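TrEMBL annotations:
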{"type": "COMPBIAS", "residues": "536-553", "note": "compositional bias 'Basic and acidic residues'"}
{"type": "REGION", "residues": "536-559", "note": "region 'Disordered'"}
{"type": "TRANSMEM", "residues": "175-194", "note": "transmembrane segment"}
{"type": "TRANSMEM", "residues": "201-225", "note": "transmembrane segment"}
{"type": "TRANSMEM", "residues": "245-265", "note": "transmembrane segment"}
{"type": "TRANSMEM", "residues": "286-311", "note": "transmembrane segment"}
{"type": "TRANSMEM", "residues": "331-348", "note": "transmembrane segment"}
{"type": "TRANSMEM", "residues": "369-386", "note": "transmembrane segment"}
{"type": "TRANSMEM", "residues": "392-417", "note": "transmembrane segment"}
{"type": "TRANSMEM", "residues": "437-460", "note": "transmembrane segment"}
{"type": "TRANSMEM", "residues": "480-498", "note": "transmembrane segment"}
Amino acid sequence: MDFKHIWQEYVVLKPHAGSFAIDDPDAAAYTNEDMDPIKRKDRTYEWYQMGLFWIAEGFNAAQLQVSSSAFSLGLNPGLCVVACLLGNIIVSIPCAASGYLGSKLGTNFPGTVRASFGLWGSKWAMIVRAVPCLIYYGIQTSLAGQAVQACVTAMWPSFQHWQVDAFPASANITAQQLLCFVIFWLLSLPFLYLPIKTLRFLFVVKSIMVPLYWTALFTWSITAAGGWPAHIWKKPSLPTNGMSVGYLFGICVNAAISGNATFAVNIMDISRHSKSDRAAWMTQLFALPVFVTLTELLGCTMAVASSVVYGGIQWNPLVTINNFEARGGKFFAGALFVFFNIMTNVTGNSIPFANDLTGLFPKYINIRRGQFICAVIGFAICPWEIEAKATTFLAFMGAYTLFLGATTGVMMTDYFWVRRGYGINISHLFKPRVSGIYWYTHGFNWRAFVSWFVALAPLLPGMVQTMGVKITNKGILNLYSWNYVLVVTFSALIYAGLTAISPVPVKTDDEDFGKLYLIDGLDTEGIAGAEAREEHVHNNEDGSGRGSEKKGFVLDTVV
């Protein structure tokens, strides 16, 4: 076999029967089986499984570090939890909107964002989202490596002395940590092979285990800290590095938002599998603030406990677990964290990254291939460098939120304001036609890009400050501490204004066969075949009413 045959046979993805790309080779540049909208009859997530998602996703090491990081920088524990709750309530609103969009249209983020950014311009939004997902995959793997280390040390205590001087301190990782990082990375690979519809069963498993685990760690924390009132809520705020309490509160709110800001665009990758549109948005609005805040409450109490038990604040809860003297407790605490972080990494990072890569290269990449690519690159970025210091961690979480927030503001305004009453023509999201309403100017919606970049401008000085450049203007710093709320608001208002001055097309003359696809699947003929069928009906109307009756049936079904 020659190289061309191997490439076509094993690399190029072939459209399946009923795909938007069937009978239309040009559509392969825009869709594949994983990109196509999910038919109503093929959706598998019940309402309670959408709710359990946030029990499963909300409990992970990174969420535990949000409040503990702020506490390590001097914020009162009570204020840490309040700031986290406020941030989670704020971010639940765009998450709910995104969840509704995914279920309503049956599309993932790369498909949906084409409506606002254009068929080619949407690739920019995909890249912007893919980068933090990729980095976070590495961070979660690095954190979970510490959980593996707890398990190994519990079984073989001598492991903590293995190759202790192999790497210099500047490496920010030890030989033991690197080995455990690799072990967790390998353990994760089989889960990347599972289809998304199968993950709902793992959500149920994790949601049963998390409350028991949370209760055990929380009980240990308040007992070790000497009781709830005296050592947790009454600790004064003593900000470090010259930061004010208000500024520190603000960056804690923003860090809480940042921890879930990806889901303001990611959740539609999951909610498109939901059987109920209502469940797709209500679970985001209520389950997210409750379950994620409980996780951050635990993170803060563990940080307080570490300051009492070990004489210094440990903002990384996995380091605290590694300090447990009871070998049985250390092993089971570490083992459960391993499983929990695998689930978090898959649902929150590798699946969104894979969806974006699928949107960028639909002819060659599907979700399964994209997840394995995410794992390889997530290893290569050396994520332990990001984890080296608490201030670096918070700065990282806050910085990328700007870009995601700008995308969120544009996308939600486009659907809920600009296209209100019309919605999105699903078939135009996937058809490579210059005359389509989402083609705009050569495939780019300039209004979305102007809104995106202009919304970022007032907040760039604050972002530069997080990169190490000293900014003396306190107003700039205070403004940046609320960057997500501001950038979403700015981008939404600018986009609404630009579309009022220069309207975008919102209505098409042709019928949206994408909606029909969601209802009955078009199992054998695809969208191109449906369009041909409709054209045949038009051309063969004979005045007897039979042609118009057929057309009326299609329209009634869609509505």
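Any Cβ shown, glycine's included, is placed from N, Cα and C.
Note: TrEMBL annotation is automatic and uncurated.
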Excluding the flanking five residues on each side, which residues at least 6 beyond the ends of the transmembrane segment (201-225) place their CB within less than 8 Å of a CB in that stretch? 49, 52-53, 55-56, 59, 194, 231-232, 294-295, 297-298, 301-302, 304-305, 308-309, 333, 336, 339-340, 343
Count the CB pairs under 8 A between the transmembrane segment (331-348) and each of 175-194, 245-265, 286-311, 437-460, 480-498, then give me the winner. 175-194
Any chance you could find the range in 175-194, 286-311, 437-460, 480-498 with the most Cβ pairs under 8 Å to the transmembrane segment (245-265)? 480-498
Intrachain neighbours beyond the transmembrane segment (480-498), with Cβ under 8 angstroms and 6 or more residues off its ends: 90-91, 94, 116, 247, 250-251, 253-254, 257-258, 261, 398, 401-402, 404-410, 412-414, 417-418, 447-448, 450-452, 454-456, 458-459, 461-463, 465-466
